[in-house]
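Chemist: Pasting in a structure now, in structure tokens, and then I'll have a few things to ask.
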């Protein structure tokens, strides 16, 4: 057979062009940033508006706001750490339990592989070799059961600390935005008006970026985020005014 004949006899898969898949894989980091920034923009904003409504001076609003940002960052970061650590502990417990089941009741676990495969439309004669192959490789078998039976992904061992730092830093960045006007404007009412404008712009921008990363419509996400922040600050301001009127 000549060279052309050999080329024609090769599988088409050998002649396919190279393909590079692009997937977004930083979902957990983005989730932490969204959690930290959204709360950081909203909570100090509402606190500053409430204190301004109570006719507190800018210095007091700023002091209380910075204290809240520090406390909120620590609280949010600790919450993120505990959540990630609990997820890792849960994975370890389930992996140990699944490992024991593979050792003590291998036939039952092998039958579960078949049940999982059948959910994808595969027949016994099609998934039989896969079951046999996994039974010869206990670690691959364990990984398969963790992912496809329990729906659990192995967590990054550094995830808890990274989550805590990301959430805390994001909260600080978001929390400083509504407090910036109080650093430069001595009159609380004037500072509050500036803070409202600055924070609403930040909420719109953050909501838009959040929509782009999460796959939602960016403009709708921007409007929703701004509305939530505005309602929170308006509620805090109204409550302060109501209390002061008494």
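Heads up, the Cβ atoms here are built off N, Cα and C, so glycines get one too.
From TrEMBL, here are the annotated features:
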type	residues	note
COMPBIAS	1-16	compositional bias 'Basic and acidic residues'
REGION	1-20	region 'Disordered'
TRANSMEM	60-84	transmembrane segment
TRANSMEM	164-185	transmembrane segment
TRANSMEM	191-209	transmembrane segment
TRANSMEM	221-240	transmembrane segment
Chemist: Would you kindly check 60-84, 164-185, 221-240 and say which stretch has the most C-beta pairs under 8 angstroms to the transmembrane segment (191-209)?
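Modeler: Stretch with maximum Cβ contacts: 221-240.
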Chemist: For the transmembrane segment (60-84), find every same-chain residue at least 6 residues outside the stretch whose CB is under 8 Å from a CB in it, and list them.
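Modeler: 32, 35-36, 39-40, 43-44, 47-48, 51-52, 155, 159-161, 163-169, 171-172, 175-176, 178-179, 182-183, 188, 191.
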